[in-house]
Amino acid sequence: MYRATFSVIDLRAFAHNLRVVKERIQAGTELLVTVKANAYGHGVGPIIQVLREEGVRAVGVASLEEGLQVRACGYDGMVLILGSVGPQELAVAAENRIDVSYTDTWGDIAQLPKMSRSLRVHTPFDTGMNRLGFKSIEDAKVVIAQIVKRPDMEWAGVSTHLACSDGESDAHAVEQVERFVGMTRQLRELGYQVPRVHASNSGGVLRNPKWNFDMVRIGIVAYGYSPDEYVLPAPELQPVMHFYSAITRIATVTPGETIGYGATFTANKEMRVATVAAGYADGYPRVLSNVGKVLVHGVLAPVVGRVCMDQLMIDVSHIPTARVGDFVTLFGIEPPAAWTIEAWNARLPADRDAWLVETFAQARNVQRNVLSLSDVASLAGTISYEMACQVNPRVPKLYAK
């Protein structure tokens, strides 16, 4: 590694979070972990390896491409595409044992080409999200009848997605669940043997075990965050991704001087301003200009001026110990004490990755301050999901096991 901007993915924390969720769901309830968008930006390969080690037998993806990537990682459990799959892709999904969700793009199911292997199909119900699925049992039963008639298709599940499981009120989610239960009941009354029933997402798992049914589909909780830490606190979860950079310059700024593009910040007193080697091209959003916070020596330092493509500036006037070369936290746990500029410079670039991972793992049990991804996302006017996905591939990922 040459540039001191990187993320550490704590795979032990990921495994811990899986166990936390398993303790919350009933025995016999299947666990599906969503690994779409490169496992929420964490890196699908190493995440899949932990899922295999932890006995997780189902994962969710957004597309056929992502499903094939999971299979290429050697995963042999259920892979469910949660998004749309076109009729031309169904044979490929079947050949690779990838479950699909029915979408309107298929057209007349009876006219679809015959597949060499049985295609497992889940039928989604739209109970209040207005995104995908059947809004009426009449529409659903027509399609389900076509699926069960085909020898090369297997009806594998019925699903819905809870839009407000993490809201201050659970009223909307309760209405959705009641509607979903009613639709599955009607299918049984029509004589169908309803397969795997699944509705609960991360918020649902944290909120109400009655919503779990046969399988739960979790996302953000596996990566260490509640979908809303204020409404559904889950302090037992551990953040998996930690985003670091380093100070490359500290300068004195006098009253009246401006900082950054557009001169959007004007000093009203003498300040110590540090430049950090990360910017919006790395995944630190430009909307955090003049509002973001960075953790320096366990103390929050405000972002001053506009976030640049590759750099940002912070006010360290109140942190007299801050110096050039110090590692800082953009989000996650503060760096280990062993991470110093002297230790960094003493190592060849090829040796730095192993040193960073080793010292990160050694410091796991040391009490350190945390800059929550959720808090940073809130400052940016977004959510932790988006922030994690935005960390750019040019930022190296180091995996601590």
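Every residue number used here counts from 1 along the chain in the order it is shown.
Glycine too: its Cβ is placed from the backbone N, Cα and C atoms.
Keep in mind that what you see is a predicted model, and the values were worked out from it rather than measured.
Sequence annotations record features per position, and here TrEMBL assigns active site, proton acceptor to LYS36, TYR261. For ARG131, MET309, the entry in TrEMBL reads substrate binding site. Per TrEMBL, the feature N6-(pyridoxal phosphate)lysine maps to LYS36.
Per Cα geometry, ARG131 is the residue among the recorded positions ARG131, TYR261, MET309 nearest to LYS36 (active site, proton acceptor). Taking Cβ-Cβ distances under 8 Å and a sequence separation of 6 or more, the neighbours of MET309 (substrate binding site) in its chain are GLY279, TYR280, ALA281. Remark: of the recorded positions LYS36, ARG131, the most isolated position is ARG131 (fewest other Cβ atoms within 10 Å of its Cβ).
Same-chain residues at least 6 positions away in sequence with a Cβ under 8 Å from that of TYR261 (active site, proton acceptor) are, in sequence order, GLY305, ARG306, CYS308.
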